[in-house]
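Here the structure is laid out as structure tokens; the discussion comes afterwards.
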Amino acid sequence: MTQDIHAHRLLILDFGSQYSQLIARRVRELGVYCEMRAFDISDDDIRAFNPKGIILSGGPETVTAAGSPRAPELVFTLGVPVLGICYGMQTMAQQLGGQVQSSPVHEFGYAEVTVVPDDLQATNNSAGTSHDALFGTLADRLDASGRSVLDVWMSHGDKVVELAPGFRITAATPSCPIAAMADEARDFYGVQFHPEVTHTVLGGALLQRFVHDICQTQALWTPENIADDAISRVQAQVGTDQVLLGLSGGVDSSVVAALLHKAIGDQLTCVFVDNGLLRKNEGDQVMAMFADNMGIKVIRADAEDEFLMGLAGVADPEAKRKIIGKTFIDIFDREAAKLATSPDHPVKWLAQGTIYPDVIESAASKTGKAHVIKSHHNVGGLPEHMAMQLVEPLRELFKDEVRKLGVALGLPEDMVYRHPFPGPGLGVRILGEVKKEYADLLREADAIFIEELRRSGWYAKTSQAFVVFLPVKSVGVVGDARRYSWVVSLRAVETIDFMTARWAHLPYELLEKVSNRIINEISGISRVAYDVSSKPPATIEWE
Ligand SMILES: Nc1ncnc2c1ncn2[C@@H]1O[C@H](COP(=O)(O)OP(=O)(O)OP(=O)(O)O)[C@@H](O)[C@H]1O
Ligand SMILES: O=c1[nH]c(=O)c2[nH+]cn([C@@H]3O[C@H](COP(=O)(O)O)[C@@H](O)[C@H]3O)c2[nH]1
Ligand SMILES: NC(=O)CC[C@H](N)C(=O)O
Ligand SMILES: [Mg+2]
């Protein structure tokens, strides 16, 4: 391995802010590995993580209430720099001897903060320079007296009203005189605003100063290094054993295939499951893509009947997800048994393209504080007892990081930038009970939508698009005759990380064309709707 990219890592303690994920993304964009953990992480886990710095996130609670979350004391005695953001700043101030008050004036949204040089204030702890280490000379502009002004984004009701010993004020707004604080001797910093959101214009630069300069980290978390690191970790994990990879032809498992192919060569066998819930012609396309492109062993397991039989009569989304998750594993087990060289040498490892959003939405993240939104078939939908152990080299990565990794591994761009397609496939896009008749109609409608998106240039402008089958019938009139048949909804979203998403504002002309084609070309569909829900509060898939 080239360099130990995990030697330079930051720990983010999550107090429940909506933006905790964003902090993690910003730090990783700066090329530094980080993980987000619950605020009540154990001292042993902090030591084992061995961070070069710690960031305390914002949070919905108030430090003025008894029993509200606090940072572990170890955070302040470990000897590494600490940055508190909003709630994180407030709890740092209070835990170290300052005071926080709930204020009648709430600040939500845009604010201007003025950076306060240390020679202008009474609470000076004689740090010696007029620019503190966090703000430095950052400025969106200067005020009349030449002081730096930053455009920031705030979201708070409480504020620090008395500094802890050793701290000085480093920025202020008219309604929040302690908008930032620093104890440079101990490298403790607090900001009341949110540098992690894009509305804080110089937020990225500020985080960079903390992450690189104050925590003294190097930008080692690059796609090339991530690939090298993942390759050596997989080699250490599986040794000379055989590995079976669940390959869907989607972005994540294709990236894992390329990675494992590099790491363990022909110890890798991929199994592509045709579960009868794939899109039109998808099975043949995936087999062709891998046969042509990569020189990787791929077995196709045709299991339409098995999935459809398992799902017959089941309408509950979570129950469907669990059945699909278990059926996948049954098939992987069966294929593994065929591959084993002898019954004494079973295939021990099952690789999957699981990524971070799959984990967090199934509430299986290490912070363990999230609610179950839906059980992704490959995480929360897995059966309790599994014969094979998991190899999941992308488990900590966001989608866009996976894509960059795919490009670094030499995968073709059109493979890496495909829209994702969930493992349960049409099984969660047919609402309620799944039937082959519905799947066949949905496949045709979906193919028309995707074809028109590509033709109009909108495929690349949306992050995910598909059609959903609604098991309700509606009346139409075609050629003067009555039609009473099924309804579908189009869904298209824009998102970077699939954690939040905005419905795509597709042109009316395009929607009209798709709707006309679907109703005219598919006699079993009488009506087309367009889903205008964003995530949150909706989710991308309907189930
Ligand atoms: N049809 C399938 N056959 C085999 N494995 C599958 C299939 N569908 C999903 N999987 C497994 O489940 C994992 C999660 O599926 P998911 O759809 O999130 O990822 P993906 O298909 O690899 O990528 P994408 O998100 O771009 O669709 C896959 O990475 C793969 O390991
Ligand atoms: O492999 C998968 N197995 C699943 O069980 C699953 N459920 C949702 N998704 C995909 O995850 C992203 C977020 O979807 P939601 O907003 O619907 O949770 C979207 O990209 C969804 O398509 C899944 N992928
Ligand atoms: N965004 C935050 O972290 C808010 C902190 C705290 N709940 C307040 O209102 O001040
Ligand atoms: Mg997929």
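From the backbone N, Cα and C atoms, a Cβ is placed for every residue, glycine too.
TrEMBL annotations:
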- Cys86: active site, nucleophile (ACT_SITE)
- His194: active site (ACT_SITE)
- Glu196: active site (ACT_SITE)
- Ser248, Gly249, Gly250, Val251, Asp252, Ser253, Ser254: ATP binding site (BINDING)
- 221-418: domain 'GMPS ATP-PPase' (DOMAIN)
Query: Listed recorded positions are His194, Glu196, Val251; which sit with C-beta under 6 angstroms of ligand 4?
result: none
- request: Output: those binding-site residues from Ser248, Gly249, Gly250, Val251, Asp252, Ser253 whose CB lies less than 6 Å from an atom of ligand 1, in sequence order; none if no residue fits.
  value: Ser248, Gly250, Val251, Asp252, Ser253
Message: As a test of the contact definition, list every same-chain residue at least 6 positions from Gly250 (ATP binding site) whose Cβ is closer than 8 Å to its Cβ.
response: Gly353, Arg418, Pro420, Phe421
Message: Is it possible to get the count of other C-beta atoms within 10 angstroms of the C-beta of Asp252 (ATP binding site)?
response: 25
Set of same-chain residues at least 6 away whose C-beta sits under 8 angstroms from Ser254 (ATP binding site): Leu247, Gly353, Gly406, Leu411, Met415, Val416
Task: Write out, in the order they occur in the sequence, the residues of the chain not among Ser248, Gly249, Gly250, Val251, Asp252, Ser253, Ser254 that have a C-beta within 8 Å of the mean position of the C-beta atoms of the recorded ATP site.
output: Leu247, Val255, Val256, Ala257, Gly353, Pro420, Phe421
- line: Filtered by Cβ distance under 6 Å to ligand 3, the recorded positions His194, Gly250, Val251, Asp252, Ser254 reduce to none
Task: Return the residues near Val251 (ATP binding site), defined as same-chain residues 6+ apart in sequence whose C-beta is under 8 angstroms from its C-beta, sorted by sequence, else 'none'.
output: Gly353, Lys399, Val402, Arg403, Gly406, Met415, Val416, Tyr417, Arg418, Pro420
Field: For Gly249 (ATP binding site), the number of other Cβ atoms found within 10 Å of its own Cβ
entry: 22
Query: Mean pLDDT, the domain 'GMPS ATP-PPase' (221-418)?
result: 89
Query: Going by DSSP, is His194 (active site) part of a helix, a strand, or coil?
result: coil
